[in-house]
Amino acid sequence: MGKYTFKGKAAVSLAAIAALTLTGCASVGGGGDDKKDGGDSGAAKDGGVVTVAETNKFSGANPGYTKTNLDINGHVAAMTRESFVNVDTEQKLSANEGFGTYKKTSDDPLTVEYELKDPQWSDGNKIDKADMLLWWSVLSGYANDADEEGKAGKNYFTIAGSTDILHTTDMPKFSEDGKKMTLTWGKPNADWEIAFDSNSLMPAHVVAKKAGMSEDQLLKVLEEQKKGDPESPQKQPELEKIGKAWDTSFNFTSTPEEKDVLVSSGPYKIENVVENNSITLKKNENYKGDAPGKLDEITLRTIGDATAQIQALRNGEVDIMQPGNVNKDTLDQVQQIENVNVQKGDQLAYDHLDLNFGSDVFKDEKVREAFLKTVPRQQIVDQLIKPVKDDASVLNSQMYVSSQGEPYQKAEEKNGAKEKYGDVDIEGAKKLLGGKAPTVRILFNNGNPQRVDTFQLIKESAEKAGFKVEDLGDPNWSEKLPDGDYDASLFGWVSPGVGTEMLSQIFKTGGGGNYNKYSNKNVDKLVDEARTNLDEKARVDQITDIDKHTFEDAYGLPLFQSVGYVATSDKIAGVDKYQPNQTGVFWNVSEWSRK
Amino acid sequence: MTSYILRRLITAVLILLGASFIVYLMTAASGDPLWDLYGNPNAQQLIPARVEALNLDTPPILRYFTWLGGAAGCLVPFADTCSLGVSRDGQEVTELLAFAMTQTIMLVTVGTILAIVVGITLGIVSALRQYSGLDYGITFLTFLCFSLPSFWLAVLLKEVVAIQFNDFLQKPVLSMVSIVVISLVVALIWFLVSFGRMRTRLLLAGAGFVVTFGVIYFVLATDWLNHPFLGIPLIALTGILVAVIATVLMAGLRNRRALYAALGTVVLGLALYFPVQYAFKGAGLLTVLALVVVLTAAGAAIGYFAGGYDRGQGARVAGVTGFFVALLIILDRFMQSWPDYVDSSHIRGRPIATANSATPGFTGDFWTTGLDRFTHLLLPTICLTLLALASYSRYSRASMLEIMGQDYVRTARAKGLSERTVVMRHAFRNALIPLATLVAFDIGGLIGGAIITESVFAFTGMGQLFVQAVRNVDPNPVMGVFLVTGIVAMVFNLVADLVYSVLDPRVRVKA
């Protein structure tokens, strides 16, 4: 280290003088040009880029396929696919006339006429007969002939939902020009309006190419497919090829080399996919529908960590976030950010306590009723949900969630949940128990703090009435759910918001989601009736009747709806309502713009 | 020697085999690979599909050998028989690994190199000034960083260096009072960490004040943060500084020829400044590398031909100077693209990023995409560097202290060598020997990924791949990660031992 001496005093005094003279002006900087974003007059413009934070990784452009049925893939599909109906934030359906129109021409047999307006794929190929027929073949499972155990026969298309709605339809009839399709149901189905799910609409010309045939050949194969019969399965090798192409062609985690799988019929189309990281969509210039996009580009980027998402939002790296799991900490953080708007709402997901009808303790209806009387629902809501959303209330229906509005109110009036289980009634419970002290083992996810708190509150209250409550908390609770080795279960359902399929899944004897072995002949009958009832009003009546039965039978109790929110940078216009369904914030993507 | 290496390699293979068997069985036994499917409405199709795809009907022990068979295929070069199996979602593990490795290497390389360089420098400096304010300051800071939880440090960095800095960039104005306060704080730090007589310390503090004040004033007054530049004057100034420091450290200022050669290299770099700007148009990595190589080589040549009593020394000094001048010119070119980058529709005036490895959807030339990489890697790199500083600085400090107390250092001093020669040539080099093990080991561990940092900064590297796979009870990706990290760890272990014997003549490998 060389040492150099210089006139120290002089240097110091020089610095001091410099400092003094400079202190004359109050602040430094801000010179040069003014910032260009001065045009922030608040008026929305066309063009621009919007980025949305996602938790999961994009894995494919066909969310109708089981393996790629993920929220982020569905969000991409919401921007790249259209169908005959749109769903609004109250889960009401409206026709999407830019795509096509539909009309019910007969109730018995249920017959519906679909007419395509003139939609086209982003590569210019029209959406026509072949696309419609493929769409129907996938969703109806017309040729499926696999038996229950899946040992013989085959399901040609591996779809994420069920073929329930369209399964009884006949081969559709088309008009000469292929624009009009007439569909006749063998058995009426209440959900016919949502039969054609936009997620499963795949371009027939691309599927044909991937299956190694022309679009005309594909059309011919589909037209000639034989009705499947599990009793006598038959091979349909050409259809198998199409099914395989439909299943596998649209799965990609980075930009595919063949761009044809990126075609879109919605306002945006996939441009670029970066593995595990992001997916970028550009405006679809060939879009002919009613809802063209205003932005140039929308990017979904994967940020798994909640805090990281919030900081990215603060830093302007993402403009919109809609987390699936909401807790008070993160919500508080988001609400504190300046320049960010937060829209809160109730998710379609709700927590509920189900009693296991297969367990010894709850064979006796009195014990069930007594236990339910002790559940402190109001207290649970007050302690767990209200800190996040002040106007939260107890959920009083097993059938509807409160964001569905009218039908929920009707169910609440009729089902007697409020009168019977509105307040905790320890005395009443004691009376029903008559001095017995049954042990109740509750299964729940102890990896979820909210469930743990709920369990504690239920336990405290129930023990006052003389129950012994055992903790069966387990992070792998879902594995144990079908086993039935518990007396009560505490978990959440996600209601699809529209449709009646969950009725037979959850409440019908032997239903796939009927884990607590509930069985009531009246309910079974009502479920079947409601699911085939085409009159909406009468259907709501039947469903509220089912609701009433479940409370009379002391089935269990709905507790509360989870709180959801969407946080948006104030530079984005068009995101002003919370949409609780799976499409989420993307439900009105074509209205988004950058201010 | 050969037989020693051979023996080590054979043991390594055996260890890998045994360990992979155990890891496979442990992963397979860690849970139910179907856990996420129960309760899924399509469970009836999904469960058999996964059982078939992952061969779950076969007991894990047999499945291990299937996996081993596939993995053995990787040993055959160019045969395309390599298969490490598929993940739960049907992706080839080899592809997953390739992707995760690039992400991890990108994330940790710069951080590790910086940690090594800065850590060792700090350690050496604090050893040379043992028990001074500087020593205590460095010890305090490195231990502070060492004890910070990485997720917290990351969140803090994002808050200050990204969000608040970006806010500041919107209107880069500081009041005169705050500039003076900042400069005073810096002056105080200079005073505290400086050593020697009071007068020197006061002088240093004064210099610290003036320099800080001048830099801040300059940066703000010229709106440098939004329109950064170096230009000829700053490149010249920094280049001369580099030349002097390089000479001081590597040759001593008494070697005038080396100093002149280094300064000559700076002049050469400046002369190349304008022609190079044309070459940079539409340039890529190759042009940049070429410039670095050319200037380094030219510097070395200048140093060599400048002659003097030690040609090699001159060549080294001027070569290093050439290297840094090339970097400065490249940095200047990046800075020229900064306004374009910041004002692009994807960045919108907020350059420093908090998540992911690149701005999705952003496209541009070599310079703007390079800047995009920089803004994304800045925070994780700072984070990793700060966390790793302590171990390097402590090790190198201890090792340096030990060396400085050795007899041969006293001998060197006694025979009248300059302090610079004693420190740089006799002590420093030998102090690095024990660090070779540490560095080799850390580079081996590098590839394993930084699980927490990756997750906080939304990088999907090896750490994430591993954690996800373990969570999913998905043995194939776990084995993939294990295989890569295991092999790298073993190889670098061996390399460390070999390097040790090369560096330290006292250690000899017994053949």
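Glycine is no exception: its Cβ is also placed from the backbone N, Cα and C atoms.
These come from TrEMBL:
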{"type": "DOMAIN", "residues": "B:101-500", "note": "domain 'ABC transmembrane type-1'"}
{"type": "TRANSMEM", "residues": "B:9-29", "note": "transmembrane segment"}
{"type": "TRANSMEM", "residues": "B:105-127", "note": "transmembrane segment"}
{"type": "TRANSMEM", "residues": "B:134-153", "note": "transmembrane segment"}
{"type": "TRANSMEM", "residues": "B:173-195", "note": "transmembrane segment"}
{"type": "TRANSMEM", "residues": "B:202-220", "note": "transmembrane segment"}
{"type": "TRANSMEM", "residues": "B:232-251", "note": "transmembrane segment"}
{"type": "TRANSMEM", "residues": "B:258-276", "note": "transmembrane segment"}
{"type": "TRANSMEM", "residues": "B:282-305", "note": "transmembrane segment"}
{"type": "TRANSMEM", "residues": "B:317-335", "note": "transmembrane segment"}
{"type": "TRANSMEM", "residues": "B:374-392", "note": "transmembrane segment"}
{"type": "TRANSMEM", "residues": "B:432-459", "note": "transmembrane segment"}
{"type": "TRANSMEM", "residues": "B:479-503", "note": "transmembrane segment"}
Criterion met for the transmembrane segment (B:232-251) and the transmembrane segment (B:134-153) (at least three Cβ pairs under 8 Å): no
Contact yes or no, the transmembrane segment (B:258-276) and the transmembrane segment (B:317-335), 3+ Cβ pairs under 8 Å, gap 6+: yes
Distant-in-sequence neighbours of the transmembrane segment (B:105-127), which means Cβ under 8 A and at least six residues beyond its ends: 134-135, 138-139, 142, 357, 373, 377, 380-385, 387-401, 404, 428, 431-432, 435, 439, 442-443, 446-447, 449-450, 453-454, 457, 459, 461
Spatial neighbours of the transmembrane segment (B:134-153) far in sequence, C-beta under 8 Å, 6+ residues away: 119, 122, 125-127, 189, 192-195, 383, 386-387, 389-391, 393-394, 450, 452-453, 455-456
